[in-house]
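Novice: Taken from TrEMBL, the feature domain 'Amino acid transporter transmembrane' applies to 1-360. Look at TrEMBL and you will find 6-28, 49-73, 93-112, 124-144, 164-188, 200-222, 242-258, 270-298, 304-327, 339-361 tagged as transmembrane segment.
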Amino acid sequence: MKQAGFPLGILLLFWVSYVTDFSLVLLIKGGTLSGTDTYQSLVNKTFGFPGYLLLSVLQFLYPFIAMISYNIITGDTLSKVFQRIPGVDPENVFIGRHFIIVLSTVAFTLPLSLYREIAKLGKISLISTVLTTLILGIVMARVVSLGPYIPKTEDAWVFAKPNAIQAVGVMSFAFICHHNCFLVYGSLEEPTVAKWSRIIHVSTLVSVFISILFATCGYLTFTGFTQGDLFENYCRNDDLVTFGRFCYGVTVILTYPIECFVTREVIANVFFGGTLSSVFHIIVTVVIITVATLVSLLIDCLGIVLELNGVLCAAPLIFIIPSACYLKLSEEPRTHSDKIMSCVMLPIGAVVMVVGFIMAVTNPQDCTHGQEMFYCFPDNFSFTNISVSHFQLTTQLSVLNISIFQ
């Protein structure tokens, strides 16, 4: 919402959700037409080895970068949770983000990722869904209790902003599940295209409803101060939000293994003929998670990770490849609705990918990782002037930093 402009952002969110729904069904239709049961085999049959190689790279990079972003979130959120424990020194190394990332990896994400069948994560996914509902309730509560006390930026309500393409990248990151859709489809009892379509329609509808509520409540609370990780905006002494951070951290930890399944499957298909022995299953899993953990220890700004992963990996996986495969495989007439939509999606995806990457590199998001926002120190500010400029707030923040360090 911050990148696109609030009204345009809402419209784009609905549009990305519709495209996601359409392309997920399109992929399974393509698999049925080609007689394939994985994303990679579908592209291999459609475009040969070059297409297979390109998809393998994208299908590995997206969930791998997602694993990195999940580690960043875990470290950011849970470190603030443990800092609220009475008697705990905020500078204690055992509650620092680096230690928490390593601990959560060894104790939770690695053991869960060692499962061989994705269906075994079903109950864990249910827990994540319940926790997400609790987090949403907390964000909605704070828009009422906190929002009126935070000044609104002067461009808070403009219809559109120049970084809308970057916003599409972040939204694509949020909605994409194409890289594991064949895994989920194969786990269904009696999988059919009709059954898959019903599941996708319901899932997408629920997802966009939750996303709209998160985006709206978050943006209405913080407007132009919104961070890539929304919980970075809330003050550390907010106990309700601390509980939300804990739920958020647990949710991310439980989501992490699903992404690891996909990265491992790609490596198994490319280098091991699709099957891993018990020993190589463990070795490949440990190597993937170790590398992702090391990278996440070096990067602490979530916004740029979401943007780059969205435009470089999610955009082609959502917009370009499903459309290209269906257009080549389907024998339907050109005026068929699926073909018309595919012809629209393909060039749009190319524009989002190229322009989004350029804008993400040249106009990166601000990142205030680990810093308290200025409104968390009410004694230093007067909130009588609700609409303030970016220059005024930057000046106020500089004065605040000077007063803190004095």
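Each Cβ is built from the backbone N, Cα and C atoms, and glycine gets one as well.
Curation does not apply to TrEMBL; its annotations are automatic.
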Novice: Pairs of Cβ atoms less than 8 Å apart decide it: which stretch in 93-112, 164-188, 339-361 has the most with the transmembrane segment (270-298)?
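Specialist: Of the candidates 93-112, 164-188, 339-361, 93-112 scores highest.
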Novice: Six or more residues out from either end of the transmembrane segment (6-28), which same-chain residues have a Cβ under 8 Å from its Cβ atoms?
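Specialist: Sequence-remote neighbours of the transmembrane segment (6-28) are 39, 42, 156-161, 164, 167-168, 171-172, 175-178, 181-182, 185, 193, 196-197, 200-201, 204, 207-208, 211-212, 215-216, 219, 318-319, 322-323, 325-326, 338, 341-342, 345.
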Novice: Using a cut-off of under 8 Å between C-beta atoms, tell me which stretch among 49-73, 124-144, 200-222, 339-361 contacts the transmembrane segment (304-327) the most.
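Specialist: Per the Cβ count, the answer is 339-361.
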Novice: Can we call the transmembrane segment (200-222) and the transmembrane segment (339-361) in contact, meaning three or more C-beta pairs below 8 angstroms at a sequence separation of 6+?
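Specialist: They are not in contact.
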Novice: Within the same chain, where does the transmembrane segment (93-112) have neighbours whose Cβ lies under 8 angstroms from its own Cβ atoms, ignoring anything closer than 6 residues to its ends? I mean 6 or more beyond.
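Specialist: Residues packing against the transmembrane segment (93-112) from afar: 71, 74-76, 78-79, 82-83, 85, 121, 124, 249, 253-254, 256-257, 260, 285-286, 289, 293, 296-297, 300.
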Novice: As a test: from 124-144, 164-188, 339-361, pick the stretch that has the greatest number of Cβ pairs under 8 Å with the transmembrane segment (49-73).
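Specialist: Comparing 124-144, 164-188, 339-361 against the transmembrane segment (49-73), the winner is 164-188.
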Novice: Determine which residues of the chain contact the transmembrane segment (124-144) at the Cβ level, with the cut-off under 8 Å and only residues 6 or more beyond its ends counted.
Specialist: 112, 210, 213-214, 217-218, 220-221, 230, 234, 238, 240-241, 243-244, 247-248, 250-251, 254-255, 257-258
